[in-house]
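> OK, TrEMBL features for this one:
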- HIS564: active site, proton donor (ACT_SITE)
- HIS607: active site, proton acceptor (ACT_SITE)
- VAL269: FAD binding site (BINDING)
- 116-139: domain 'Glucose-methanol-choline oxidoreductase N-terminal' (DOMAIN)
- 315-329: domain 'Glucose-methanol-choline oxidoreductase N-terminal' (DOMAIN)
- 1-19: signal peptide (SIGNAL)
Amino acid sequence: MPRFYSLLSFAALLAFSQSRPINDALLDEYDYIIVGGGASGLTVADRLTEDADVTVLVLEAGPADQNEEWIRVPFFMGNSPNPPAGSLSSHVQYDWNLGTEPQTYLDGATRHYPLGRGVGGGTLINGMLWNRGNVGDYDDWETLGNEGWGWEGMLPYFKRSESFTADYSAEDANLYQIQSNPDMHGTQAGGVSVSYQQYYYNGTASFYDGLNELGIPTEGDPSAGTTAGASFLPMTIDATTKTRSDARTAHHQPHIGRDNLYLSTGQFVTLRCGRGQGREGALPNVRVRGVEYATDSSAPRRTITARRDVILAAGAVHTPKLLQHSGIGDSDLLSSFNITTTINLPGVGNNYQDHFMIATNNAYQSTTYDRPLGYGNTTRDEANRAEFNNEHSGPWTAGPPNGVAFPSLSNMAGANFTAILNAAQNQGSGQYLQADLDETVVAGYERQKQLLVDALGNANRSQFEVLNDNTGHFTYSVMKPLGRGQIRIRSDDPFDTPIIDPRYGSNPVDLSYLVEAMRFNYRLMGTDALRDLQPSEKYPTEETMHNDDALMQLVKEAIFTEYHPTGTTSMLPLELGGVVDSNLKVYGTQNLKIVDSGVMPLIPAAHLQACVYGVAEKAADLIKAANRS
């Protein structure tokens, strides 16, 4: 039996022994069919099956994890220290291992594109950091036509989504400027576990001191929606065992004894759409009868019927792909693959947003600070393993990135702030969008752009993330990009990989953000606090910092994803390129819902897992209410 089970309570083991096994024999019909077993899908399945009279099937394309040490122990951050030969990713079988199209606005190269694949989705392999973003991030959703989706409407669901424990000492709070406001958190059982590591690197204190020297404050609870600066983030780790708390351990494992909850893995899905019954304005009023699924292209396909709703939770990359293969999307795209258009929705796959980032390397040379050490020293590894398993403390309770800041543009850009803001304000209508976009998608972007410019000029709104790994390496991410990408099907084969084109750098202002981030990094390395750690000059070099063309070229070559795709099935009015309404129902359908990050019309300035869990909690209530009426 894997070591992890030694950490489970007797009650959990008893439930496990009485559970319905994953991939148990399936029924022919369910009340709800959920496609995707990640954070959103498992959360919604959990909440719907609280009603014992409701049956739910979750279909997941990936496997269930085997409680691998490198999944459960936070230190590894979902990366196998010894991946099998030939593995494309250190996430091994829990990664889709996709790639982007050549990024023609950068250096013409493709980018590796990791995405979580398995029961738990991205929560199996993410960095576990937990924050929600700014009040304005959600109020902007409401401004775009989504009543009830502002901060006040979302806060109860954010709180429901977590079981928060402020398990840090007063000494650590003082040293590492940790703050939490109990009014902002949920503490009841039933959500994902959120707590703090039991090991801190002293380089984090130096990082915060350096930021403070540059005028960036360290204050406030990062989940309160009001901070634009530095803050110490909690993680999705169990408060007792300090193991990773993911969507499977939070929302499936505790409920595997429910007779009404079914989960099948390794399944690829398309929709079974019936004929329209009347019309919804200019669109048909289609009822989705259920799904068709199979394990691969050579396997027999099976159909299952949904009595109530089909709920898509496959993520911002795979949900639009599934819709397009099922005849829901831009009719021109579908006809190019001889796919019959069931509903012409040009917004499907468009409005793609991501936090993209660059990394710096100024490795510390000082021996006076606590350096995060890798895996591979047998004596050290066994000591750390024993401390983790027996005491639930030590370096294995923490990943190296445990100091974070979310500064505004004015914090970062200094003298260039006004020039960048003006450049964003003065762009023409759809100037940097793709030329062939439907007019509704362009109209939606124009509404978004004004909100983005307003946020850009607000000193209380985050435009960057700075992530510190305590070795002198930092990543700088753009939180509110102006550019937009696209997700499209590659062929008419539902087993084929999607075309992922983030179009990084298509809007030149996005590149200017990261140029300013490089300049900021140079200033940060020069602060008294970080000079004491003796940062080396590696990347970027001083010579590069004084050459604008070289700095821009460096940025173009260095950009990669922060793994936060959103927006591709946006919750917007139909005339603004929307795909779902504010009840998360796909336009032109009676019973097709989407509950994943694709519905976010504007990406929040946060690590997205807290945002996704919150959306899923609200989605579950909306789905229940719609089926009571």
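Backbone N, Cα and C define each Cβ position, glycine as well.
Heads up, TrEMBL stuff is auto-annotated, nobody curated it.
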> How would DSSP class HIS607 (active site, proton acceptor) in three states?
coil
> Return the single residue from the active-site residues list (HIS564, HIS607) that has the minimum number of other CB atoms within 10 Å.
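Each of the active-site residues HIS564, HIS607 was scored by Cβ atoms within 10 Å; lowest is HIS564.
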> In terms of Cβ proximity under 8 Å, which residues at least six beyond the ends of the domain 'Glucose-methanol-choline oxidoreductase N-terminal' (116-139) contact it?
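Apart from its flanks, the domain 'Glucose-methanol-choline oxidoreductase N-terminal' (116-139) reaches 22, 36-39, 41-42, 60-65, 71, 74, 77-79, 91, 93-96, 149-151, 153-154, 158, 162, 192, 194, 222-223, 225-228, 231, 233-237, 244, 246-249, 252, 263, 265, 315, 399, 401, 404, 406, 455, 458, 460-462, 563, 602, 604-607, 609-611, 614.
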> The residue listed as 'active site, proton acceptor' to VAL269 (FAD binding site): how many Å between their Cα atoms?
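So the Cα of VAL269 (FAD binding site) lies 28 Å away from that of the residue listed as 'active site, proton acceptor'.
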> Taking the Cα atoms as reference points, how far is the residue listed as 'active site, proton donor' from the residue listed as 'FAD binding site' in Å?
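Computed Cα spacing between the residue listed as 'active site, proton donor' and the residue listed as 'FAD binding site' is 23 Å.
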> Taking the Cβ of VAL269 (FAD binding site) as the centre, count every other Cβ atom within 10 Å, in any protein chain shown.
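VAL269 (FAD binding site): 26 neighbouring Cβ atoms within 10 Å.
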> Would you mind splitting the domain 'Glucose-methanol-choline oxidoreductase N-terminal' (315-329) into helix, strand and coil residue counts from DSSP?
11 helix, 2 strand, 2 coil
> Tell me, what is the mean pLDDT of the domain 'Glucose-methanol-choline oxidoreductase N-terminal' (116-139)?
97
> Could you give the number of helix, strand and coil residues in the domain 'Glucose-methanol-choline oxidoreductase N-terminal' (116-139) as assigned by DSSP?
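Across the domain 'Glucose-methanol-choline oxidoreductase N-terminal' (116-139), DSSP assigns the residues as follows: 9 helix, 2 strand, 13 coil.
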